[in-house]
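What follows is a set of notes on a single structure, which appears directly below.
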Amino acid sequence: MIPVTTAQEMRALDEATIQGLGLPGVVLMEHAGFGVLLHMEDFFGDLEGKNILVVCGKGNNGGDGFVVGRWAMSRGARVEVVLLAELEQLRGDAHINASVFEKLYSGCLHCVTEDTGVLEGLLGWAEIVVDGILGTGLSSGARGLAARAIELINASKRPVVAIDIPSGLSADTGWVPGPAVDADLTVTFGLPKVAHYTFPAAELVGDLRVVDIGIPPQFVEKAGILTHVPEELDVFLLFPPRPLNVHKGRYGHLLGVAGSPGKTGAGIMTAQAALRVGTGLVTMGIPSSLNPVFEASLLEAMTLPLPDDEGYLLEGALEVIANNLEGKTALAIGPGLGTNPSTVTLVRALLAEVDLPVVVDADGVNAMVGALDLLRDRKAPTVLTPHPGEMARLLGTTPGEIQSRRLETARDFAREYGVVLVLKGAGTVTALPDGRAYINPTGNPGMASGGSGDVLTGIIGGLLAQGMGAGEAAWAGVYIHGLAGDKAAQEKSEVTLLAGDMIEVLPSIFKEWEEWSASVL
């Protein structure tokens, strides 16, 4: 797992290092700036003879910029620094490093407070631009001179290296509240920040690199960081090798409740995905009038025909489901259900009366609008998987508001209602009731197509059925879903990617993991 910090958490770690080790802040700044220089050399190659423009603000981000400029000079680069302030306005470690640079290279420092003509001219000269304008402490959109400088940098179309975070981004939310630097390379310090993985900010980060500035690992462990980015090894470790003496019942029995006219494919893909992640048995509870369609499409899964009216499930289906719960280990509710009032009533009754782990998606989520108290009352683990539009309906707000605070929204909802909340989208956020959250690094734009969410429901439902905890089933399921999308896109292309393509590549993922296991046993 990769720990991901807020700006405040990172400041606390910096301060703990400075106070706990007696390590001056200026030393950390030196490590940071030199680290940026090393990653620039790795990214761009030899910097000797290159024209590098460093644009600095008056905070510590600017101080880092002066260190980068000094080290780039020592590598033989031609460096000019534009400070968007007067030198006297800088404080602390930033002032120290600015003063050092001025003493060494006074003719290469340009203080700009109003007229941006000097900056515009140097942008035309530069081959590489280093952004040290604004750091992680930004609480609102960039304004004034900083905003103008950001706009000029973007307009220059020069390769940009962002120090810590592209200027103009909200480090804690991933929102872009105003003008923001579009970086090719971002070099951050200590640990990644929320914005590096959270969209829309993550789209402006470019290639992300992390510099070790000397924060001891034990300090990170004690910090109690609640947000992480899973890695493939974390998911792999949730799937130990299967013993020889097992049977299908050992790996769970998922009961799905899905389907309505025109949407039978949703339930079919849910069942197929659940089976492909190793679920022992899958039964799909579906409208009885649609049973022939499901029977013809599902060879390995079973069906449970339920009372319906013209293809929409009726409230009376609850009794049939209740009489068929023996041996079932999890529920998956929602794919292709529709929003018929009787079906909505059924969904609410299932959540209120069936004490099994459940994943709720699509129209199952829509059925919760106005009935969220049902979630608080549930004893069994509950996973909800809304996209931003569905989340907005649940909370009575707009998708834009949800997107502006994705991590915070998911975390608040999970805590308030005691559920695992999977807020879908680029950088899917999985939030647990205890405050932990996971930002998913896998997936691609090709997955934004019909049926993708149904595949995810089947994956998470299948993992729940096999006995995996709700939190692990959710974040691991999201990772697997995205990884399948990435592998399918490599084979097919993002543009032509279909949900079924993701199901088709699931076996190759698990085959690779089995080979990993065999290689270490």
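Cβ coordinates come from backbone N, Cα and C, glycine included.
TrEMBL labels come from automatic prediction, so no person has curated them.
Here TrEMBL has ASN61, SER167 binding K(+), and the candidate from ASP42, ASP93, ASP131 in that same listed site is ASP131. Among GLY396, GLY400, GLY451, GLY453, only GLY453 appears in TrEMBL as part of the AMP site alongside LYS424, GLY425, ALA426, GLY427, THR428.
The binding-site residues recorded for this entry are ASN61, GLY63, THR136, HIS387, and the Cα of HIS387 lies nearest to that of THR428 (AMP binding site).
Ranking the binding-site residues ASN60, ASN61, GLY63, HIS387 by Cα distance from ALA426 (AMP binding site) puts HIS387 first.
Restricting the binding-site residues ASN61, THR136, HIS387 to those with a CA within 10 Å of the CA of LYS424 (AMP binding site) leaves HIS387, listed by sequence position. Cα of ASN61 (K(+) binding site) to Cα of GLY425 (AMP binding site): a span of 31 Å. Counting every protein chain shown, 26 other Cβ atoms lie within 10 Å of the Cβ of GLY453 (AMP binding site). Within the set of binding-site residues (ASN61, THR136, SER139), the lowest number of other Cβ atoms found within 10 Å of a Cβ is recorded at SER139. Ranking the binding-site residues ASP131, ASP164 by the number of CB atoms within 10 A of their own CB puts ASP131 at the top.
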